[in-house]
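Student: The structure follows.
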Amino acid sequence: MDCCRSANPFRLCSALRVLGSFMVFLVLAIVTLSYYAVVVVAWGPRLSHGFPVSVLASAIIVVFHLLLALLIWSYFMVVFHDPGAVPANWRPLLDEESLERTASATLSDYIAPETRASTSATLEGIERRPNTGYCTRCQNGKPARCHHCSVCQRCVLKMDHHCVWVVNCVGARNYKFFLLFLIYTFLETLLDTFVLLPNFVKFFGDARKHSGSPGNLAVTFLAFVLNLAFALSLLCFVGMHTSLVLSNTTTIEVYEKKKAVIWKYDLGKRKNFEQVFGTKKLLWFLPLFSAEDLEKIPALKGLDFPTRSDLVL
């Protein structure tokens with residue numbers, strides 16, 4: 001038994017923390033490289049050109065900085081924001097009064113109209129006896145949709161996955177920030193690819209003529225290739241997570257959902273979206289939540305989740 005315990009492969013997962021720290025520096029290095037290529041080399045010098053080149057250069061630089069600010073803001077929010085931890089000695093609420101109070105707020109606010117029509121006035125819309133468990137590693141209860149992360153070595157609420165790029169788990173309380181980071185990074189890399197394309201084409205002519213700074217040529221070439229590669233790969237991730245958000249599914253739950261006749265957490269696309277991004281439209285595109293949403297949407301806390309009533313058991 002001691003030999004098996006010492007050979008536990010999950011101990012190797014802690015090495016991913018070191019890798020994650022390296023990935024943070026890699027992200028910052030790619031951002032710096034792209035900034036130098038787009039602003040300093042490609043379009044900054046064109047600000048002094050005449051109309052309409054200067055107008056186009058100004059527009060590109062403004063949009064570039066706006067996306068960059070939103071990207072960095074979202075990135076550090078997902079890096080430093082706790083994805084959600086299980087409170088010590090947590091146990092599910094089973095008393096009738098607490099369930100009725102939670103259900104009355106949850107059913108009316110977070111179940112789509114087409115689903116609500118088939119929902120009775122009882123507690124069918126919220127799990128009366130949620131799929132809770134017990135984590136032998138944390139020695140604590142596990143709420144529904146909670147999973148133990150072998151890298152973070154703790155249970156994470158509504159865990160989606162552990163991301164080495166952000167050195168953190170992605171869970172109930174920082175999933176929105178992660179999605180915004182994906183979206184803004186995709187838009188930024190897509191913009192960089194298009195605005196660097198003329199310089200990339202020109203690169204081969206300058207290389208043959210031995211004109212231009214070798215350092216600037218290398219930076220332009222590398223920045224274009226990296227941004228193109230990231231834009232193509234992020235397109236797949238953005239598409240995948242969009243599908244997951246609209247079906248109220250996490251990456252971990254994909255296999256479980258395939259086995260279910262009706263996915264119990266699917267409340268309709270709009271309500272599914274609001275369980276991640278909140279109800280305040282002005283904050284949908286910012287890595288922030290309103291105090292009202294944090295108070296009224298149980299899913300953002302990661303401990304309680306409304307469910308459908310029209311389930312086939």
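Just so it is clear, glycine is given a Cβ too, placed from its N, Cα and C backbone atoms.
Found this in TrEMBL, in case it helps:
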type	residues	note
DOMAIN	132-257	domain 'Palmitoyltransferase DHHC'
TRANSMEM	21-43	transmembrane segment
TRANSMEM	55-76	transmembrane segment
TRANSMEM	177-197	transmembrane segment
TRANSMEM	217-238	transmembrane segment
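Mind running through what each feature is packed against?
Tutor: Sequence-distant neighbours of the transmembrane segment (21-43) (same chain, 6+ residues past either end, Cβ-Cβ under 8 Å): 57, 60-61, 64, 68, 71-72, 75, 79, 164-167, 188-189, 192, 195-196, 199, 216, 219-220, 222-224, 226-227, 230.
Panel annotation: around the transmembrane segment (55-76), residues 27, 31, 35, 38-39, 43-44, 46-47, 49, 166, 177-178, 180-181, 184-185, 187-188, 191-192, 195, 285-287 of the same chain, lying at least six beyond its termini, place a Cβ under 8 Å from a Cβ of the stretch.
Packing against the transmembrane segment (217-238) from elsewhere in the chain are residues 30, 33-34, 36-38, 41-42, 182-183, 185-186, 189-190, 192-193, 196-197, 199-200, 203, 206-207: each is 6 or more residues past its ends and has a CB under 8 Å from a CB in it.
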Student: Please list the DSSP helix, strand and coil residue counts for the domain 'Palmitoyltransferase DHHC' (132-257).
Tutor: 72 helix, 18 strand, 36 coil
